[in-house]
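Peer 1: Encoded as structure tokens, here's the structure I'll be asking about.
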Amino acid sequence: MRAHPAGPLHGAFAPPPSAGMPPADLGALDPQVWPRSARRVDGELHLGGKSVTELARTHGTPLFVLDEDDFRSRAADFATAFAGADVHYASKAFLCGQVARWIADDGLHLDACSGNELAVALAAGFPAERIALHGNNKSLVELQLAVDAGIGHVVVDSFDEIDRLVPLAEAKGSPVSVLIRTTVGIEAHTHEFIATAHEDQKFGFSLATGDALTAAVRVIREPALHLAGLHSHIGSQIFDTAGFEAAAHRVVGLLGQVHQATGELLEELNLGGGFGIAYLPDDDPVTPDDVARRLRTVVAMECAALDLPVPRLAIEPGRAIAGPGTVTLYEIGTIKPVRLGSGGQGAPQVRNYVSVDGGMSDNIRTALYDADYTCVLANRTSDAPPALCRVVGKHCESGDVLVRDLWLPSDVQPGDLLAVAATGAYCWSMASNYNYLLKPPVVAVRDGAATEIVRRQTLSDVFALDAVLAGRPAPSPAIDQPAPEHPVGARS
Ligand SMILES: Cc1ncc(COP(=O)(O)O)c(C=O)c1O
Ligand SMILES: N[C@@H](CCCC[NH3+])C(=O)O
């Protein structure tokens, strides 16, 4: 292998405590973190029976590689654990036509949180009656689409929304089925940007102020609407089941208040999503069986205490279905050991910046939530000693970090492939065109076959939106349809 001009990367950088010690095997694929089909074959990462080098050569990088069996088996795990309840896939995690079809074919429900997510699902042929529409600011057009399509539930989130929905339901001539989204007043143990059940945030009707009860009574008295039940979602990437149990306890309390105030027994209780996944080998997520057992127990106990029949349960996992089965492949473009000075401790301090061909435009989560990821050298293994690296993107932003502290073999080279695990949720769906980078494709792999389920965005797609550029060709086909930049030999 050709030597990098900077020489092997420095291992001398005094690692911050967060970096921990280098793992014994830098190329190991912890089954907690990697897709169920991930294997090393002759040192190279294979996903769904496909080699990553071949995937990168065929589809370019950055590339989202989705293990179809992983995705569908996790959906099935929830469906089995929650048999008799409704499992809604929270499509904001990742949605495209193919995913909507898998979810439909596998018998799950789907949660959409904008008119356009709803439109994607409907266009893919998803049965409308199995869709719930969320959102704290649904427009008239979005509500009209929901009512016209005959979706299962509109999850109402404000008094304004009720006012907006009633005339549409009246015009339809049959009651529109509604859940009330409640704010249960719980501080979920997760990043503050993705906690949703404390009082001071935008979602839902507060239990504490009495707004949730007022909204429920209002909907019950409204002939054009049918109040099917209550909804609570406490946040995302939560490991601790105590928050879900506390939420279930409080929302069942509201079922009791609604019954007392109106005599109505509501048929459904939707306890939302938020079940955490392992981004790092030490993360210890709850299993669907565990969540199901605990939630069923709390709801049954609370209902018994209030002498209420147990309603039909529903849940809305997004990340726990879509997250673990997808890997992002990047090609390393530049490697820069940056001297940070000795800090008076003798040995020079060096941070090894490893730049890849994507970044915060395909994964904003590190910059936004300080998220941690597991990443490995994917096209080969190496016995070179470990060097602490920072994997960064190519954006004009110093916060454009993908993996803050990562041990890589010190002989990594431009042209090597890196794989970042567990990028299936909230990466492609939150992607942007910052610096006019293009949204990567998503390739589904299974049994040795690869299918591009979303193609790479092209510069021509982006030009089409621009008053001046629409219809003009990109200056070169190579920049419009990026292929791997470095000769394949650089990766072997
Ligand atoms: C109402 C609702 N349901 C479900 C989800 C899915 O959450 P997760 O992907 O963490 O399971 C979210 C996102 O946090 C949400 O806002
Ligand atoms: N986008 C967040 C999750 C938000 C879920 C939607 N309420 C994340 O990446 O973790």
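Any Cβ shown, glycine's included, is placed from N, Cα and C.
As annotated by TrEMBL, active site, proton donor applies to Cys396. Annotation source TrEMBL lists pyridoxal 5'-phosphate binding site at Gly274, Glu316, Pro317, Gly318, Arg319, Tyr426. What TrEMBL records for Arg319, Arg365, Tyr369, Glu397, Tyr426 is substrate binding site. As annotated by TrEMBL, domain 'Orn/DAP/Arg decarboxylase 2 N-terminal' applies to 69-322. For 346-424, the entry in TrEMBL reads domain 'Orn/DAP/Arg decarboxylase 2 C-terminal'. As annotated by TrEMBL, region 'Disordered' applies to 1-27.
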Peer 1: What is the total of other Cβ atoms whose distance to the Cβ of Cys396 (active site, proton donor) is within 10 Å?
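Peer 2: Taking all protein chains shown, Cys396 (active site, proton donor) has 9 Cβ neighbours within 10 Å.
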Peer 1: Taking a cut-off of under 6 Å between Cβ and any atom of ligand 1, tell me which of the binding-site residues Arg365, Tyr369, Glu397, Tyr426 pass.
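Peer 2: Near the molecule: none at all.
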Peer 1: Please check the binding-site residues Glu316, Pro317, Arg319, Tyr426 against ligand 2 and give me the ones with CB under 6 A, sequence order.
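Peer 2: Cβ < 6 Å from ligand 2, in sequence order: Tyr426.
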Peer 1: Using only the residues recorded as binding substrate (Arg319, Arg365, Tyr369, Glu397, Tyr426), report the maximum Cα-Cα distance in Å, whole number please.
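Peer 2: Between the most distant Cα atoms of the substrate site, 27 Å.
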Peer 1: Listed recorded positions are Arg365, Tyr369, Cys396; which of them have CA atoms within 10 A of the CA of Tyr426 (pyridoxal 5'-phosphate binding site)?
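Peer 2: Passing the 10 Å Cα cut: Arg365.
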Peer 1: According to DSSP, how is the domain 'Orn/DAP/Arg decarboxylase 2 C-terminal' (346-424) divided among helix, strand and coil residues?
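Peer 2: Helix/strand/coil tally for the domain 'Orn/DAP/Arg decarboxylase 2 C-terminal' (346-424): 5 helix, 31 strand, 43 coil.
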Peer 1: In the structure shown, with every protein chain counted, which of the binding-site residues Arg319, Arg365 has the densest set of Cβ atoms within 10 angstroms of its Cβ?
Peer 2: Arg319
Peer 1: CA-CA, which of the recorded positions Glu316, Pro317, Gly318, Arg319, Cys396 lies nearest Arg365 (substrate binding site)?
Peer 2: Arg319
Peer 1: For the recorded pyridoxal 5'-phosphate site formed by Gly274, Glu316, Pro317, Gly318, Arg319, Tyr426, name the remaining residues of the chain with Cβ within 8 Å of the site's Cβ center, in chain order.
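Peer 2: Near the pyridoxal 5'-phosphate site, the remaining chain residues are Ala90, Lys92, Ala93, Ser236, Gly273, Phe275, Ala320, Ile321, Ala322, Gly323, Ala425.
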Peer 1: Return only the integer: C-alpha distance in Å from Cys396 (active site, proton donor) to Tyr369 (substrate binding site).
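Peer 2: Here the two Cα atoms lie 19 Å apart.
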Peer 1: Could you please provide the mean pLDDT value for the domain 'Orn/DAP/Arg decarboxylase 2 N-terminal' (69-322)?
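Peer 2: Mean per-residue confidence for the domain 'Orn/DAP/Arg decarboxylase 2 N-terminal' (69-322): 95 out of 100.
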Peer 1: Hey, how far is Pro317 (pyridoxal 5'-phosphate binding site) from Tyr369 (substrate binding site), Cα to Cα, in Å?
Peer 2: 19
Peer 1: Rounded to a whole angstrom, what is the C-alpha distance between Glu316 (pyridoxal 5'-phosphate binding site) and Tyr369 (substrate binding site)?
Peer 2: 21
Peer 1: Using a Cβ-Cβ cut-off under 8 angstroms and a sequence gap of six or more, which residues of the chain neighbour Gly318 (pyridoxal 5'-phosphate binding site)?
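Peer 2: Sequence-distant Cβ neighbours: Tyr89, Ala90, Ser91, Lys92, Ala93, Phe94, Asp111, Ser236, Gly273, Ala425.
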Peer 1: Specify the count of other C-beta atoms within 10 Å of the C-beta of Glu316 (pyridoxal 5'-phosphate binding site).
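Peer 2: Cβ-Cβ neighbours of Glu316 (pyridoxal 5'-phosphate binding site) within 10 Å number 28.
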